[in-house]
Protein chains: 2
Amino acid sequence: MLNEDSIAGPELPQLLMAAIGAQDGNHIASLLQPLTHSEALREILNLKEEDRVAAIALMPVELAAMLIEEAPSEIGAELVGSLAPKQGADVLEELNSEVQADVVGEMDTAQAEAFLSQMDAEEASDVRRLIEYDDDCAGGLMSADAFTFPQDATVGTVLRKLASDDTDFERYRGQHPYVLDAQGIPIGVLSLRGLLTAKRVQKLSDIMVAPITIQVETQLSALEDIFDAHSFLGMPVVEADGKLAGVLSRTSVAEAVAERAEHESLRRQGVFGDELRSMPLRIRSKRRLAWLSANIVLNIIAASVISAYEETLTAVIAIAIFLPMVSDMSGCSGNQAVGVTMRELSLGLVRPVDAMRVWLKEVSVGVINGAVLGVLIGLVAWAWKGNAWLGLVIGLALALNTVLAVSIGGVVPLILKRLGQDPAAASGPLLTTITDMAGFFLVLSLATLFMPFLL
Amino acid sequence: MLNEDSIAGPELPQLLMAAIGAQDGNHIASLLQPLTHSEALREILNLKEEDRVAAIALMPVELAAMLIEEAPSEIGAELVGSLAPKQGADVLEELNSEVQADVVGEMDTAQAEAFLSQMDAEEASDVRRLIEYDDDCAGGLMSADAFTFPQDATVGTVLRKLASDDTDFERYRGQHPYVLDAQGIPIGVLSLRGLLTAKRVQKLSDIMVAPITIQVETQLSALEDIFDAHSFLGMPVVEADGKLAGVLSRTSVAEAVAERAEHESLRRQGVFGDELRSMPLRIRSKRRLAWLSANIVLNIIAASVISAYEETLTAVIAIAIFLPMVSDMSGCSGNQAVGVTMRELSLGLVRPVDAMRVWLKEVSVGVINGAVLGVLIGLVAWAWKGNAWLGLVIGLALALNTVLAVSIGGVVPLILKRLGQDPAAASGPLLTTITDMAGFFLVLSLATLFMPFLL
């Protein structure tokens, strides 16, 4: 039975600090041992930077590697980067090859080379190869370790290898053995059934079947389709020349999809670069400001609409109460439409060319919701200020702006995607700027029109 | 080589409609065959409802099952639900046991029973058992199919089963064989190495090792920790009485995490119930309105602050231009902090008890970003309206409100979680209401204070 709710006691940070002070790496390990991996990482990240650096340097290499596998790669790179080259190389060698590449990929070239030059030459060359690939393509997600045999090997060889106590074998768990030709091109894949029903002296080329391969540059969305269409737990990845580059597991694809969803969700909130609170204040503040500053400009553009109607506002000051309400409510309606389109995009259910169909679907929702919200807010305005015409102006403005907001919200991610922009980061600000401007314009121009009845 | 960018031609919908009109299920299948699963689903969902129902009823059972495995479970339930009981049961039998339970779980009891009663009795009873579990616990994510043997079976039995041509074996791919006692309690797990190195006549009880089991009610966040701590591709799930209930795979956990991230991201945008545009307009509109109506109330509360300062507004109408800007900018800053906390929550790096530490970390960002944004907007207001005091009022209000917004944004998800509320759905509206109120109050009360200099 597993201990599922082990909670770090409040005294743990003090005990950790004492162990760090005493330079006792084994004691640090025994303090963290009862925790889950994410709890242990949390405790280490909550230490002050100098203590964290000391703790990582003192603890056993296996524990440091476990923490780094658990951490987002930017944090992993920081933790490895704080170690001396030899020790950092030892920690890197403990990591899975995908994690090695993710962590080293976050370092600058000089720092990366400092660690790579201290690693086992073969592993270092695997890492150098893997970091060349984009994070979200087969090359960036695959493991460089594959369970391979030459085509003239026999069934007996494979069975002996499967039965061997070789700890390296752990890495290949769930993989099918692949058969390579003399050039390193995968020409066959072996099934357990084939291995168990064949004679031990049979050549692998007699029992293998042709493998389905994936190109290194295949993108994540295509990989999802490929793993949907085939039930394999892992598939061989090949370079442009057909040579085996590594093996991609179904789990790695599922994990990359989860990570993509989380990053997208963060970008929609204006958070970039996988911010965690253990990062330096300067970086956190700067990254957030970059997005906010762009937003200020958009806000000024929207506000200039209000500025054009100062006379109307001065005459009917009650309008000022409802301006932020209309713009906020329309923004919310539009963001719902953005959310649905982003989801349909990630499920592959909608493409940029479907913009017209999406627009038609959203307009229907917009008309219904605009009517309901318009009546509601119109009644509120009427009751609050005792003027039915004011209710009409506010209600009509919100109704029209809701239709506009959901129409734009539904198609803006598709247009941005078509233009090669990031729909997650840009849809929200673009949408709210347009709906703010339109909302201010509708309220104020309708108020100008009905001015005699509002006074 | 796989065809990664097969794009459905523009004439496909017409061809599909013709095949549906001709009642030619095989032609429908051959039209969809070149597409990826998600492309095929998109084409089917884009049909009008009556055509979609006809297409599903006409197509081969395996194709219908494939589309349903690809679809979100609510859509899957709708597609199966449109079929006659016997045909629906045939389609359900083609699905993996987790998908069966997800789809049937979306139906009401009467409808579910109509299909279950037509299914193979054993499979139906598995489904009835699985739908009792929450979606996000081990019981809801596991597969009911396990690869099991009694303890007195021999190594030869297992090897023969592994080598057999039994198509059912496909379901167990990547699973280790489990050994059950007479009560159905898992008492051992077999490694391939153990099986290959033992004599064929040996009893399984001689070579098995004790399994690590998971309780059916274990929640997703705990499951992530368990699979982090162990490198197994699958683990046995047991009922409270210790009996084997099913097997949970690493991939199912990773996929559930991806789905959770996507749902959370949608809830943050005010979209509930996995909305897709192929759902009925009535449902889509109603669900979106429920959240928007709550938002109207919050907006009215915030706007009442403006109402209290109508005199100030009338005197200095320029203030009205900056009110929405200050509230929007603070909302954005606060949402960035919400985003980081939600991410740290999902990574297990922060807990509700860490609210104070989070608050301290956010205040530092708030002070820096508030100062920068306050100066920027202050200069804009000064330049625009030619009044330095106006710049001071607006800039100071935004600076103070930014500090407030990031402080609240950082801790609000933690407090909501502590109170057992959904932080994804409620953090945003709660945050913006508070920052709107505070923003309006700061701008208007500062303006009242500096009134002599603003006129």
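Any Cβ shown, glycine's included, is placed from N, Cα and C.
Here the structure is a predicted model, which means the values were calculated and not measured.
Features reported for this protein in TrEMBL:
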type	residues	note
DOMAIN	B:142-205	domain 'CBS'
DOMAIN	B:207-265	domain 'CBS'
TRANSMEM	B:289-309	transmembrane segment
TRANSMEM	B:315-342	transmembrane segment
TRANSMEM	B:363-384	transmembrane segment
TRANSMEM	B:390-416	transmembrane segment
TRANSMEM	B:428-454	transmembrane segment
Cβ contacts under 8 Å made by the transmembrane segment (B:390-416) with residues that lie 6+ beyond its boundaries: 316, 318-319, 322, 326, 329-331, 333-338, 340-342, 345, 350-352, 354-355, 358-359, 361-363, 365-367, 369-371, 373-383, 422-424, 426-427, 430-431, 434-435, 438-439, 442-443, 446-447, 450, 454
Contacting positions for the transmembrane segment (B:315-342) when only residues 6+ beyond its ends and CB under 8 Å are counted: 264, 268, 302, 306, 350, 358, 362, 365-366, 369-370, 373, 377, 381, 385, 387, 390, 393-394, 397-398, 401-402, 404-414, 423-424, 427-428, 431-432, 435-436, 438-440, 442-444, 447, 451, 454-455
Secondary structure composition of the domain 'CBS' (B:207-265) [DSSP: H/G/I, E/B, coil]: 27 helix, 15 strand, 17 coil
For the domain 'CBS' (B:207-265), the mean pLDDT of the predicted model: 91
The domain 'CBS' (B:142-205): DSSP-derived helix, strand, coil residue counts: 23 helix, 13 strand, 28 coil
